[in-house]
Amino acid sequence: MIFLTALPLFWIMISASRGGHWGAWMPSSISAFEGTCVSIPCRFDFPDELRPAVVHGVWYFNSPYPKNYPPVVFKSRTQVVHESFQGRSRLLGDLGLRNCTLLLSNVSPELGGKYYFRGDLGGYNQYTFSEHSVLDIVNTPNIVVPPEVVAGTEVEVSCMVPDNCPELRPELSWLGHEGLGEPAVLGRLREDEGTWVQVSLLHFVPTREANGHRLGCQASFPNTTLQFEGYASMDVKYPPVIVEMNSSVEAIEGSHVSLLCGADSNPPPLLTWMRDGTVLREAVAESLLLELEEVTPAEDGVYACLAENAYGQDNRTVGLSVMYAPWKPTVNGTMVAVEGETVSILCSTQSNPDPILTIFKEKQILSTVIYESELQLELPAVSPEDDGEYWCVAENQYGQRATAFNLSVEFAPVLLLESHCAAARDTVQCLCVVKSNPEPSVAFELPSRNVTVNESEREFVYSERSGLVLTSILTLRGQAQAPPRVICTARNLYGAKSLELPFQGAHRLMWAKIGPVGAVVAFAILIAIVCYITQTRRKKNVTESPSFSAGDNPPVLFSSDFRISGAPEKYESERRLGSERRLLGLRGEPPELDLSYSHSDLGKRPTKDSYTLTEELAEYAEIRVK
């Protein structure tokens, strides 16, 4: 387009085309507002050899062929026109100058169509030109918006109206442009084919709020009531902005959670829900809902909504906090310690909210923290009393969990006061009670016999452990008369302790050993002594009867521990010592014992008196160990 002051190109083309041929030049299309007028510029030519005295012309509507009887718009020869054009058409050009410009007034929609010109030079020199002009009757201004309007980028919007009526000139104004910018009327412009337009330009920088805004242009004609308005909706492109989203969400484990993300953009955005870089759901939409069924602690965290289109992107995050009961606590630390060392134990768990952590031992609270996931227990200089079972308990308003753990304190053996020896009848039992960790090895030493017995000799030693206390029992048989000294020694990798075991309740044990049988034996010995004295006295007065003689195997009375008939006393002593060595698990020959024997013949009586006790007939023997 060029300004009005420029040389009309159309007329240059007409002038340059003169060459003596039949031809016409007019705009292929032309527009006019209803109720106004329109001037259709036209030029024609004919061969130079034709020199007509008068040149006539005819304008036809919608057909160039007279035989079709098209409506006559204008006819210079007769001035007879179709009724639709009565008083509406006239020729502005001079046909003698080959100017066929036509003016139509008070145009209406039914006048819209094709217009053809026919030259009449007289006789057979008549020619209907194929070139024609299409008239368009309009009612609205033409608002031209750039194909792409981007928020933040300056744009130019134009309003264009036809200005082909020399009698009425349009005036343009903008409607709904408040806040957009001030319009600039550029003026009247000529188009390439010789038609004219009135143009007004509006420059502004659109915002996202301008999207969908109706911008209007009005064409009015002074001194008339004619007004024409046109509108265009602004299609402003802009990047997404997230306008709707959940705030931080708290949910109980196992419940249903919905997260909503809504964005404003043009065109609509691609919405994506993500967590830790993983796409959970996406769609091209203005809003997107993320459904989480039966949430677990693993779904606790930060969720991101990303909105993007060709013009940019936006993102926002929302935190999901899943509330749940504490997990079973885990315990880390030294579970085995040596007496005197410092022990540090860490109890930890996971929950939401953070729990109350407590460490118990035997229902006694040792340490506790509130709303923390870790608890450190410090035990300086541990002792055996610290050994045992502990509990770490975690709780919040959603539940409670606990974990038990054991602390093992290792220490050197300690011989307890319960250790002792006791005699019962012909048996001696020695108890060695040891507290130790780890379990000790226990040995019993008999110094007087140079004998050591340990736990491996199950025939003599029985051991039983209860917690940190080990009880070892040594059993000696046939030792009640002269119980030996017994020393108990307990040993582990942290040391050794020895103790000579005391005999408890010796006098009570002796009478318990004697018991009813011992009382009978003692009474029999007493009767024998009385009988012996009586018999001795009688010997002085009574002559020995020849019929009384000692038997081959007279009855013999030993102590309560040794009762053997028909065997020498020396053999009995040797047998007993051998038995004792077998009791202690010793090998070898028993040592020789120096035994002295004393035997008394208490005399014989020829007959047995009915009042004489059986013991009166017994011999008395005594064995001494030197």
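Numbers run from 1 along the shown chain.
Just so you know, glycine gets a Cβ as well, placed from its N, Cα and C.
For reference, Swiss-Prot has these:
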- 20-516: topological domain 'Extracellular' (TOPO_DOM)
- Cys37-Cys165: disulfide bond (DISULFID)
- Cys42-Cys100: disulfide bond (DISULFID)
- 139-237: domain 'Ig-like C2-type 1' (DOMAIN)
- Cys159-Cys217: disulfide bond (DISULFID)
- Cys261-Cys305: disulfide bond (DISULFID)
- Cys347-Cys392: disulfide bond (DISULFID)
- Cys421-Cys430: disulfide bond (DISULFID)
- Cys432-Cys488: disulfide bond (DISULFID)
- 517-536: transmembrane segment (TRANSMEM)
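The disulfide-bonded residues examined here are Cys37, Cys100, Cys159, Cys261, Cys347; by Cβ neighbour count within 10 Å, the least packed of them is Cys37. Sequence-distant neighbours of Cys165 (disulfide bond) (same chain, 6+ residues apart, CB-CB distance under 8 A): Ala32, Phe33, Thr36, Cys37, Val38, Ser39. Rounded to the nearest whole angstrom, the C-alpha distance between Cys100 (disulfide bond) and Cys392 (disulfide bond) is 110. Counting residues per DSSP class in helix, strand and coil order gives 3 helix, 51 strand, 45 coil for the domain 'Ig-like C2-type 1' (139-237).
Restricting the disulfide-bonded residues Cys159, Cys392, Cys430, Cys432, Cys488 to those with a CA within 10 Å of the CA of Cys42 (disulfide bond) leaves an empty set.
When the alpha carbons of Cys432 (disulfide bond) and Cys421 (disulfide bond) are compared, the span between them is 9 angstrom. Here Cys421 (disulfide bond) is compared against the disulfide-bonded residues Cys159, Cys261, Cys305, Cys347, and the shortest C-alpha distance is to Cys347.
Sequence-distant neighbours of Cys305 (disulfide bond) (same chain, 6+ residues apart, CB-CB distance under 8 A): Ile242, Met245, Leu259, Cys261, Ala263, Leu271, Thr272, Trp273, Met274, Leu288, Asn315, Arg316, Thr317, Val318. Proximity of Cys392 (disulfide bond) to non-local residues of its own chain (separation of 6 or more, Cβ distance below 8 Å) is seen for Pro329, Val331, Cys347, Leu357, Thr358, Ile359, Leu375, Ala402, Thr403, Phe405, given in sequence order. Rounded to the nearest whole angstrom, the C-alpha distance between Cys217 (disulfide bond) and Cys488 (disulfide bond) is 120. When the alpha carbons of Cys430 (disulfide bond) and Cys488 (disulfide bond) are compared, the span between them is 9 angstrom. It is 120 Å from the Cα atom of Cys488 (disulfide bond) to that of Cys159 (disulfide bond).
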